[in-house]
Amino acid sequence: MSVEIESIEHELEESIASLRQAGVRITPQRQAILRYLISSHTHPTADEIYQALSPDFPNISVATIYNNLRVFKDIGIVKELTYGDSSSRFDFNTHNHYHIICEQCGKIVDFQYPQLNEIERLAQHMTDFDVTHHRMEIYGVCKECQDK
């Protein structure tokens, strides 16, 4: 088994444990949605998840996808990303990281910048806000779109 597959399986097991701890029933559809999110590096929309899973789950609906994503979000194993357009994207990586977004094709890529980890503490100190989280986005044109 490759390291990536082992990592996906480990993340899936941890997510299932979180769902069980919250009293959520584990269904094959939930597992498939989670597995897709964990293995996806594209921050998919609910429609993209639906299109990827519907061949294996012909009775699954977009509403089922949305309902499960809401459950995952409420438990804290998925983040919903909204960007002014009408479709939310979903990110399994809930650790502090940032996004660079292609202005032409909408591709979203994660990147780390550890120096920003202190920004919440600094903002809280300077403003007396109770900071809950932060989000940073950088926009540009990806290599694939530049080459077109």
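Heads up, the Cβ atoms here are built off N, Cα and C, so glycines get one too.
The annotation region 'DNA-binding' is assigned in Swiss-Prot to 1-84 on the grounds of similarity to another entry.
Positions annotated as Zn(2+) binding site by Swiss-Prot, on the basis of similarity to another entry: Cys102, Cys105, Cys142, Cys145. Sequence-distant contacts of Cys142 (Zn(2+) binding site), defined by Cβ-Cβ distance under 8 angstroms and a gap of at least six in the same chain, are Cys102, Gln104, Cys105, Lys107, Val109.
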Exercise. Within 10 Å of the Cβ of Cys102 (Zn(2+) binding site), how many other Cβ atoms are there?
Worked result: 17
For this session: For the recorded Zn(2+) site formed by Cys102, Cys105, Cys142, Cys145, name the remaining residues of the chain with Cβ within 8 Å of the site's Cβ center, in chain order.
Result: Glu103, Gln104, Gly106, Lys107, Val141, Lys143, Glu144, Gln146
Problem set entry | Secondary structure composition of the region 'DNA-binding' (1-84) [DSSP: H/G/I, E/B, coil] | 53 helix, 3 strand, 28 coil
